[in-house]
């Protein structure tokens, strides 16, 4: 386990800011405790300092996971956000997409969101903007990338993709082995 | 009297000696066959069936066993001995008798795919050794000797270079190449490379990381600063957005003027949603979506 280098921190913040914008500082600087990011086996974990101090008692090969896994760095040092970060993205999300009840299941199986399944979308969403996907009952289901701007969404035909799927809570069952 | 007692004593001593020897020495018709390596003694003497038939079977057997064991121990005492931690140990010779196998002999294994293939193709196993006769060994020894002298007398010598040998080893050559490449003014960063040569892997430096539990507040500060820098770097003015907004406003004015013309002075359409501020949500400066934004009170 080690702290992130400057480049790694930058890459991670860039990715996170796509979804939560400047609210990242609410994650970095919290009133209820000191939380930090640490890198372990290419995965980034977000934990309080208390947990960090406890985790130092484990050897590298025995330690599986600490705190919440935000994502991992690929072999080419690109940061990939995992579904386990949803709990921290959802409350701070800048752009949200609500999905109709009928299309929820489809999204949870890993499919993209079509125009026919789109309930609501935040105004001013740019194309390829990071969005957090909610159900109509405001339950966060996952996150993705907007395929069209809000304006375009109004005009396109019902079968075109409006949100590219990136991660959904169904992955907790589908990819149980690989999530840490 | 004294003489008598001395004689008696001597006789007694002799008797005792004889007794002792009796226990040690054993008389047998035929000598035993000894395999001391296996601690084996074979007695080929005939056994009188008379002794066996009597009631004193056990005693006879015991006596026989004792005698033969005594002879075996005598043989062991004849061997060279050494002392190991307060115990006298005899060095046993190699075992003479060949013992039978414990397990059945191994069955011939079927040849593997490679073995079959090799037999088919007539490939023989060739042993490649790394050792090659090097004629310049003497020169190398001489060179090292001179280097040692130089070191002893603190004379400066060049650090790296290739020794003049007939066959250079691969890693010596590669090391010489990398050293030559790096010894330029810019540490080899702008040296041309051969078409298929790979860039250097930076074998020298080890990465250094911050300690795991460093100063949390300074870490926080650094991250906040990084965020501030990132924020400032992001374009505040999104060109496409501004252009779109401008176009929309113009459209609206046109439409308003048209309607005025048609409805003859009816109040102009109230302006739609004012719209986005200039410093709006900058999504990394990416090109905005196509189309002008209408100010419809749309989906939230």
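The backbone N, Cα and C atoms fix where each Cβ goes, glycine too.
Note: TrEMBL annotation is automatic and uncurated.
According to TrEMBL, the protein has these features:
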REGION    B:165-300  region 'Disordered'
COMPBIAS  B:175-187  compositional bias 'Low complexity'
COMPBIAS  B:190-200  compositional bias 'Basic and acidic residues'
COMPBIAS  B:217-239  compositional bias 'Basic and acidic residues'
COMPBIAS  B:246-257  compositional bias 'Basic and acidic residues'
COMPBIAS  B:270-279  compositional bias 'Basic residues'
COMPBIAS  B:280-290  compositional bias 'Gly residues'
COMPBIAS  B:291-300  compositional bias 'Basic residues'
Cβ contacts under 8 Å made by the compositional bias 'Basic and acidic residues' (B:190-200) with residues that lie 6+ beyond its boundaries: 178, 181-182, 184
Which residue counts does DSSP yield for the compositional bias 'Basic and acidic residues' (B:246-257) in the helix, strand and coil classes, in that order? 12 helix, 0 strand, 0 coil
DSSP puts the residues of the compositional bias 'Basic and acidic residues' (B:217-239) at 18 helix, 0 strand, 5 coil
